[in-house]
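Visitor: The structure follows.
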Amino acid sequence: MTATPPTERRFHIATLGCSKNRVDSDGMEHLLRQRGMAPSARPGDAGVVIVNTCGFLGAARAESVGVIEELLAVRQPGQVIIAAGCMPALGNYAHDIPAGVDRVLTTREWFRIGDVVGELLGDPAQAEVAGCEGMLTTFTAAQAGPSAYVKVADGCDHACAFCTIPAIKGRQVSKRPLHVLGEVVDLVSRGTKEIVLVAQDTIRYGADLGIKHGLPQLLESIVEGVPDLPWLRLLYIYPSPLTLKMVDTMARHDALLPYLDMPIQHADKGVLRAMNRPSDIDMTRRLIDHARVTLAEPVMRTTLIVGFPGETEAAFRTLYDFVAEQEFDHVGVFPWSPEPGTKAVELDLPRVPADVAEERRAAIMELQQGISLKKNRALVGRTIEVLIEAVGEAEDDDGNTEPIAVGRARRHAPEVDGMVFVPGTHEVGSLVELEVATAGPYDLWTHAPGAERLPVRPAEARASAGRAARARAKLARRQSTHNRPERRGGQPLPMLRESPAAD
Ligand code: SF4
């Protein structure tokens with residue numbers, strides 16, 4: 001087979017890291033399309049290749065460097081390679097970006113991608129893009145499947161001792177409420193069924209704009225202004241009394257999913273103080289209790305760090321007991337990673353050996369898997385609403401195939417939680433009522449309400465066809481990398497197969 005030479009007017013973006021990076025990649029895609037360029041699924045076919053890097057942890061930086069090196073090794077004649085994202089924004093690590101990259105753009109400069117590419121390709125200068133206001137420029141995300149992230153703010157005003165984000169992003173800058181609303185209106189008019197609002201600390205949305213209780217107000221305006229949006233989800237809610245009003249707002253609207261993603265990081269006061277996090281764990285308890293009594297069928301997710309300097313056996317026990325007591329629906333656990341430039345590496349506290357941190361991570365995940373399994377089993381026989389994201393086929397031991405659809409329930413955030421399988425075909429993007437037949441610690445297997453047939457078994461599930469399936473397969477690949485240890489507690493996804501016909 002003859003390889004197709006790269007086309008100057010095609011671009012490929014490899015996105016690493018979190019959902020917020022994905023939103024920036026969508027913004028870059030939008031700008032490049034405005035220049036008359038077209039996206040390419042394969043880097044080898046593209047004249048311009050952009051790696052949107054992640055700099056959050058050492059492992060993530062290593063992965064970013066690895067991806068750039070791989071692309072450089074197979075670079076086509078004339079191909080332009082650009083490193084963008086968080087890694088170039090970290091002064092200490094910008095020099096780790098491999099030589100040979102044509103241009104570097106920090107996470108605060110992604111909106112210059114059009115000019116940079118134009119300059120590299122020798123295009124005539126283009127007029128400023130209308131509405132371009134820097135890193136929070138409002139763009140309609142080029143979402144994959146029926147779900148879209150909308151970044152409402154960027155940057156962070158906190159100073160958690162383990163975190164590099166404030167150094168990478170600077171202080172929080174919120175997008176104007178009307179811009180967020182316009183983005184949601186546009187996405188929903190094009191078929192999006194689930195909007196996921198993200199920021200580094202979503203609960204503080206609007207504080208820099210001088211808006212008091214900016215997030216509840218924003219939620220009210222979206223629900224009112226976009227009545228045909230079925231699912232609106234929030235991620236990354238810092239534990240704060242601001243959560244109380246937000247939960248009250250969530251309780252008033254069915255479209256606001258009762259899903260509280262509140263990263264608490266730890267439960268021991270001493271460790272929380274050393275982390276420079278809110279150390280009043282009783283306040284956190286009150287926030288969770290408020291959500292539990294206020295919301296109908298609330299779903300709780302948190303993330304934790306184990307092995308932070310000074311975490312004694314007793315401190316870990318406090319955390320373990322808290323997880324057992326609270327019975328969260330979803331938990332992700334990171335072993336602490338010593339990131340140069342953070343306050344945590346300078347703390348004069350005893351270090352926890354890496355193998356002990358790993359044992360602690362595994363202990364909490366084992367505990368949580370039992371909790372999650374119990375909660376999922378309680379759903380068996382119940383009817384749940386499922387957003388279909390992909391259709392494909394399931395294969396039995398004899399090689400016989402049958403159609404299968406895969407989606408998510410209200411209790412599952414994209415990428416980090418479980419998924420729902422159902423035999424048969426369903427339209428991608430449809431919301432269907434299904435009965436839970438079987439439950440694992442992460443995933444659910446369902447059938448039509450009242451149907452008697454057995455569901456497809458997990459190991460047999462193979463999904464194909466369409467962009468959503470491809471997104472799922474990408475997730476499976478990303479999950480195998482070690483920079484996202486929170487994903488499903490390191491559990492593998494059921495086998496997913498990409499369709500060669502996927503666009
Ligand atoms: S809240 Fe803390 S962990 Fe989250 S981005 Fe801000 S500094 Fe980092």
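Just so you know, glycine gets a Cβ as well, placed from its N, Cα and C.
Note that TrEMBL annotation is computational and uncurated.
Per TrEMBL, the features are:
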- CYS18, CYS54, CYS86: [4Fe-4S] cluster 1 binding site (BINDING)
- CYS156, CYS160, CYS163: [4Fe-4S] cluster 2 binding site (BINDING)
- 458-468: compositional bias 'Low complexity' (COMPBIAS)
- 469-481: compositional bias 'Basic residues' (COMPBIAS)
- 9-122: domain 'MTTase N-terminal' (DOMAIN)
- 142-374: domain 'Radical SAM core' (DOMAIN)
- 377-450: domain 'TRAM' (DOMAIN)
- 458-503: region 'Disordered' (REGION)
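Describe the structural context of these features.
Guide: When Cβ atoms from all protein chains are considered, those within 10 Å of CYS86 ([4Fe-4S] cluster 1 binding site) total 29, not counting its own. The DSSP secondary structure for CYS86 ([4Fe-4S] cluster 1 binding site) is helix.
Look at CYS160 ([4Fe-4S] cluster 2 binding site): DSSP puts it in coil. Around CYS160 ([4Fe-4S] cluster 2 binding site), the same-chain residues six or more apart in sequence whose CB sits under 8 Å from its CB are GLN265, MET275, ASN276, ARG277, listed in sequence order.
Confidence in the domain 'TRAM' (377-450), given as mean pLDDT, stands at 91.
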Visitor: Other than its own, how many Cβ atoms are within 10 Å of the Cβ belonging to CYS54 ([4Fe-4S] cluster 1 binding site)?
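Guide: Counting Cβ neighbours of CYS54 ([4Fe-4S] cluster 1 binding site) within 10 Å gives 24.
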Visitor: Quick check for the class: what is the C-alpha distance, in angstrom and rounded, between CYS54 ([4Fe-4S] cluster 1 binding site) and CYS163 ([4Fe-4S] cluster 2 binding site)?
Guide: 13
